[in-house]
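Per Swiss-Prot, divalent metal cation 1 binding site is recorded for H613, H648, D649, D861. Marked as coiled coil by Swiss-Prot: 384-414. Per Swiss-Prot, compositional bias 'Low complexity' is recorded for 45-63, 740-835, 978-1019. Under the heading N-linked glycosylation site, Swiss-Prot lists N11, N124, N131, N167, N178, N430, N515, N769, N795, N809, N1018, N1023 (among others). The feature region 'Disordered' is assigned by Swiss-Prot to 40-63, 116-181, 738-835, 978-1033. For 202-222, 227-247, 257-277, 284-304, 311-331, 357-377, the entry in Swiss-Prot reads transmembrane segment, with the evidence type sequence analysis.
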Amino acid sequence: MFNNNNNDKINNTMMSNNPSGQIINLESIDCNSNLSNTTSIKDSNNNNNNNNNNNNNINNNINKINPNIDRKVLDDFNSKSIKIIDNKLNKKNSKKNLYSKEVDDDINKINLNKKIIPNETNSNNSNNNNNNSNNNNNNNNNNNNFNYNNNINSNNNIINNNNNINNNSNNNNNNNNNNSISLYVDTQEKSKKKVNAESLRGPIIFQNFILYTFFLIVIGTAEGTSWAPEIRVANFVPYCVMCVVLLEFNRLHKKPLLRIIFPLYTSNIPFAYMCIFSREARKYVLISLLFFASCLCIFLQSGIPDLRKHIVIFCIIFMINYGCCILFMDWFYIDTTGTKPYRGRILATKIHWGEEATILVSMALLGCIFIVLEKFIKSYARCVAEQHYQIQCLQKEKEKLQTEINISLKKLDLDTPIEKIMDILRSMINTSESENDKKQLIKVIAVLGSNKLYDPDFKFETCTDDAEVYSWLQSMLNREVGYSNVNNNNNMMMIENNNNNTIINNNLIEPTSPNFSKKLTSSDLIPRIRSMPEITDQGIQELIINNFLEWDFPVFQLSEITDGNPLFYMSYFLFSRHKFFEKFKIGIDCFKNFMRKIESGYDSTNPYHNSIHATDVLHNLNYFIEKSFGKFLTDIELFSMILAAIIHDFKHPGVNNHFQINSKSRLALKYNDKSILENYHLHQAFIIMNEPESGILLKLSDSVRKEIRETIIALVLSTDMAKHFNLVGRFKSMANSFPTTTNTQQPSSSSSSSSSTTIPTSTITPTPNSTTSTTTTTTTTTTTTNNNNNNNSNNNSLNNIINNCSSSNGSMGASGADNSNSNNTNNSNSNNQNQCGSSIFLNSNKKDRLLLMKISIKCADISNPSKPWNLYTNWSNRVTSEFYKQGDKEKESNMDVSAFMDRNKPATTKCQINFINIFVAPIYEIWSHHFPQFKLCYQNILSNLSRLEIEQQQQLQLQQQQQQQLQQQQQQQQQIHQQQQQQLHHHQQQQQFQHQQHQQQLQHQHQQQLNNQNQNQNQSNSNNSNSFGLTQSNYLIVV
C-alpha cells in the first residue's frame, strides 16, 4: 500500500528512466526510499498467494491501454515486476507493523465495482473470488490489486496531471493513504495525450456496407450493361439477403471487439457466393483480388489487438475459401447435357490449377505487402505521435511561460497599501546602520500595526479632561476610548445594578411615539393634510426662494409658517429645482404621499430629532452641493444625497444608541449593537419606498434602484457618531493625496455688490459684539436678494415658484447645480470658489466621491455650531432638552444617568465646548481647507466657541466667587464654632474644678465620719472590757 507521495516518486522514476518507450526495469526502483511510508500488511503470505491475480489484472488493464503490446513481453514484465514489488513489501513488512483499524476502514471503502474490459486472460478472475472467500485478510490485498489496476487504467489522466500531482502530493502526504501504484509500460502511455484504440479505428461496419453495396451494383449492372452478361440479375436477391442478414446479425453483438472482427471474417461468405457465380463470366479473378484488397484495407483501419496476426489469419482463411470455391466449381459444373438437376452446366473454360495456384501465391504476396504496410503505418504513426507529443509539450511549455509572463505583468496585487508600507519600513530597518533610526522605525511599524489607524488615541490620563467628558465621549462612540482612571469598583457596582435590574420597562424598548407603534395609514395622515397650509402661501414662497442659498436659513420660521411641515416644502422645492420628477419618473401624488409619511414619522415631541432638524440637514447638504461640488456629481448621486438627508433620522425615538444598548432594547438586539438607530431609520424608510402609493423608486430599473439604495445606506450609516473619527481620518488621507488649489482671487466690486452670499470679514470676529454686525450684514444681503427675486416671482402656485426660482437662480444640470441665468446673484463668486475643491473631485473615482458625500452629510448633520449664534443657541437648547429627557428615562429605569444628561447637574456649556473641540471643529477645519467657500462655517464655529469659552469663564468666575463666599462663610462659621468650642471648654473646665472641689469636700466629710466612727467604736470597746472585768470579779466572789 502506498500514499500519493510514493506514487508520484515511482511515476517520476519510471518516466525519467523510460525515455524511449521501453519496458521499465522495476529493479532499478529503490523501494526503501520511495516506499518509506508504506504500512505493513497483516499477513505477508497473502501477497504471494495473489501474485497470479495481480498478473491477470495488470494484463487486462494493459491490454485496454495498448492492445498492440507483445503478450510475451508483457507476461515476462508482469511476473518480474510483481516479484520485485512483493520482495520489497516483504522486507518492509518484517520491519514495520503499522497497519491500524483506520487503514483497514479506509481500504474497505475503496470502490471495487469499477468496470474492466475483458479479454483473453479473464479466465483467471474466478481464482480471485475464490481467494477472497477463503481468507478475509485477502480483501485488503485485493483492494490493492484493484487500485493498482485502476491506476493503470487511468494512467492517461495521471500523466496529464503529473505536474499537479507532484505539487499536491507533498501537501496531502499526511492526510491521505492511497493504496495504489502506477506503471508506465510504453511510449504511448508516457505521452500526456495518448491516442487510444478508439481514435485509431475507422468506420468498419460502414465500409463493409459500402463493399457489399459496390458488388451489389456490379451484379445488378453486369447483365444490363453487357460487360459481363453471364452474371445474371437473378443472383441479386440471394446476395442482397445474405449481406442484410450478416449486417443485422452483427448488431446483436454487445462486445465492441466482436462487432469489429465479425464483419471482417464473415465477409468471406458473400465473397464465396460471388466467386462461384462469376466463374462463368471469367471475372472471378478480378473480383477475388478486388474483394481481397478491399478487405485488407478495411482490416488496416480496424485497430484491433494483434492486427498482424489477424491479417495472417484472414489471408489464410481467404485463400482456403478461394480454393474451396474452385474445388466446388470443379465438382459442381459438370453437366454437359443440361438434364442433371443438381449440377451446373459445364464451364466454357476448364479450371487450370496452375493458374489458380498463381492466383493464390499472388494473394499471399499481397497479404505480405499489407503486413509490411501495417508495420510501416504503425511505426509512422508512432513517430507522428511522438512528434505531436513533443509539439504539444513545447506548446504547453510556451503557454506556461506566456502565462507566467502575463501573470508577472498583470499580477493581481493582493497586498494592501499598509502591507507595502510595512515592507518598505522593514527593508529600511535591515539596511539602516543607526540604532536610533531603527528604534524610530520600529515605533512607526508598531503604530501602523494598530487596528485603529483613523481613530485618535484618547489618553485622558495625560490631559485635563475629567471623567464626565470621558463618559460622554464613550457614550457618543459606543466603545472604550482609552480612559485609564476609571475606578474598577464602579464597574463592579454597575454589574451588580444590572443584575438586580434585569427587567427593563417596555416603554424603553418600544418607541414612545404613536407614529412608531403602528404602521401609518391614510387615516393617520388626514389631520396632517388638513393642517398643512396652502402651497400658494406667499410667505412660504418668499422664505424658501430668498434664503435657500443662505447658510443662516431661517428653518424655525419655515416650521412655524408651514404648521410643522417644513420638510415637505423644502423637499418639494429641491425635487423641482433639480428636476428629479422628470429624471426619475416620480409622480407628484406619489411624492406627496411619500413626504407626508416621512414627515409624520418624525416625532414632533422630540425637542431636537424632529422634522425641523431633517429640514436643516437637507438645506445644509443642498447648500454644500450648489456652492461647491454639485457639478461633479451624477444625477443618481445627487438624488441619493437628497433622499438620504430627508430620511436620515426617520422615526428617531429621542434617545441615542448608547441608551439602546444599555437598555437591551429590541432594536439593539435586532441590529447587534451596530449603528442601531441608523439601521432602523433605513429599514423604516425603505418600507415606505416599497409601498405602491409612496414608492418613488418603483418606476426605476433594478440597476438604478440598487445603486440609489446602496448610496443611501452608505450615507445614512455614516451619520453614526461611532464612525466619526474613522471617516474623518479617511477623508484626511484621501484629501492629502490630491493637490489643493486655493483660490486667492478676490471678486470685483461690482460682482461683490450684486452677490447675496458675500459675507464681510467683520462678521467673523469672534467677539460678543460681532453678533450685531453679523445680523446687520445678513439683513442687508437678504434685502438685496429679496428685491432681486421678488421682481421675478409673480405667480401664486408652488410650481410657478419652482419655475421662477429656476429662471432666477438657475436650475441644476445633468450633473448637479448649473447656475446659467445672468440674473443669478451668485455666479461671480461660485464660479471662482468651485475651482477650490475641484481637484479632489476631478481626480477621484466613485469610491472617493462616496467618501466625499459621506463627509458632506456628516458636516450637514453636526452643523449647529457652524450657524450664527442665535440659531446655534436655539439648537443647543433643544439638544440639551432632549438629553435631559433621556436622563429622566434612565432614572426611571434605574440606569446610570449618562454624562451631561442629568438635569440636576446642568453642564450645557461644557458639553458644547467639548463637542465642538472633539467633533465639529476638526472636520470643518479640513472641510473649509479643501473648500474655501465654506470658511464662513468654520469661522462661525470659532466665533461660537469663543463665546462659549467666555461664558464658561464667566461661569467659572461665578463659581469661584461663590466658592470664595462659601469658603468665607465656612471660615466664619468655623471661627464661631471655635469660639463656642472654647467657651464650652472653659465652662467644662470650671465644671470639672467645681466637681473636683465638691469631690474633695465629700471625701473630707467622709473621712471625718470614718474617724468619728472609729472613736465611737473604741469607746464602746473600752466600756465592754470594763463591764466584763466586773463580771468576772463578781463571779470569783460568789465562788
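Glycine is treated like the rest: Cβ placed from N, Cα and C.
Recorded features from Swiss-Prot, shown on the structure.
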residue : record                               : contacts (Cβ under 8 Å, 6+ apart)
N430    : N-linked glycosylation site          : none
H613    : divalent metal cation 1 binding site : D649
H648    : divalent metal cation 1 binding site : A614, V617, E678, H681, L715, V716, T719, I857, D861
N1018   : N-linked glycosylation site          : none
N1023   : N-linked glycosylation site          : none
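In terms of DSSP secondary structure, the region 'Disordered' (978-1033) contains 56 helix, 0 strand, 0 coil. Taking the mean position of the Cβ atoms of H613, H648, D649, D861 as the divalent metal cation 1 site, the remaining same-chain residues with a Cβ inside 8 Å of that point are H609, A614, V617, A645, H652, T719. In this chain, the transmembrane segment (257-277) lies apart from the transmembrane segment (357-377): fewer than three C-beta pairs between them fall below 8 angstroms, excluding pairs fewer than 6 positions apart. Counted over every protein chain shown, other Cβ atoms within 10 Å are most numerous around D649 among the binding-site residues D649, D861.
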